[in-house]
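Read the structure below first, then the notes.
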């Protein structure tokens, strides 16, 4: 029987699911229609579309996971059900995070400017570098999946206290192994965060340098390049903020689930954890001029449609 807390948790999770679906479906439809119309797919649109598709898959996994935790939490600790759900969530989360990181790096090389030869060399080979990052993310996904599988197997043994002999004799050893595996998982999650943070820092340096050059040339501090810098910085900063909340919520959720299994507290951690796939799409829409203009036109048409009287004149 669902409690009041379970009902509130499910309502909030459904709201996050709807919000995330609206934003990501919109991004996917706009980019696909533009690609069909222009008979050409740009790199940024391709990454955005892949990110939207990956996030949509993650949102469905999150919704199923939420109903499982909210209505049948006792089934979560079973090997046959808990393990595949956690593995599937981890795969979609890994892809979403790395695609968002690649998008941040792409915008950095597209907008920022440094006269250094290394930057110009990387910028010239930007598409190939993005492909290499995605290949690296796939290798890390395989490594993470193997580590996570061992992590889940040990954790479910600890949670299953019916095996008292194993629990009393080997619990300390198992917890030590869990700590090592958890550190490995955290390190691989830190790689995309550090790449995005580096992009943001260089964005800031590029903006400062560009603004100083404009002031020295008496052109003011507002031009198209400056505005592009600022929009991209806001987008990357918003992504990093959500990613930090997402990362720490994931660590807290893992600790609560595998160490305490407190059904009440893990719901709050999941709500914070799932804010990233739900809200990130709207940051992308606001930061992309094409998506932003399309969204404004759509809202304008919807507003006019709602104002149209339904009654037909006699």
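Cβ atoms here come from the backbone N, Cα and C positions, even for glycine.
Segment annotation: Swiss-Prot labels transmembrane segment over residues 239-259 (candidates 218-238, 239-259). Record check of 31, 163 in Swiss-Prot: the feature N-linked glycosylation site is attached to 163. Going by the topological domain names that Swiss-Prot assigns, residue 35 and residue 265 belong to different sides of the membrane.
Checking the ranges 77-97, 266-286 against Swiss-Prot, the transmembrane segment annotation falls on 266-286. Note on Swiss-Prot: of 167-187, 188-208, the range annotated with the feature transmembrane segment is 188-208. Under DSSP, the residues of the topological domain 'Cytoplasmic' (29-50) split into helix, strand and coil as follows: 18 helix, 0 strand, 4 coil. When each of 102-122, 128-148, 188-208, 266-286 is scored by its Cβ pairs under 8 Å to the transmembrane segment (51-71), the top-ranked stretch turns out to be 266-286. Under 8 Å from some Cβ of the transmembrane segment (102-122) lie the Cβ atoms of residues 43-44, 47-48, 51, 129-130, 133-134, 195-196, 199-200, 202-203, 205-206, 209-210, 225, 228-229, 232, 235-236, 239, 284, all in the same chain and six or more residues away from its ends. Long-range contacts of the topological domain 'Cytoplasmic' (123-127) within the same chain, counting only residues at least 6 positions beyond its ends with a Cβ under 8 Å from a Cβ of the stretch, are 43, 106, 109-110. Taking Cβ pairs closer than 8 Å, the transmembrane segment (266-286) reaches residues 5-6, 9, 12-13, 16-17, 19-20, 23-24, 26-27, 48, 51-52, 55, 58-59, 62, 65-66, 69-70, 93, 96, 100, 103, 235, 238-239, 242-243, 245-246, 249-250, 252-253, 256-257, 292, 295 in its own chain, all 6 or more past its ends. In the topological domain 'Cytoplasmic' (123-127), helix, strand and coil residues by DSSP number 4 helix, 0 strand, 1 coil.
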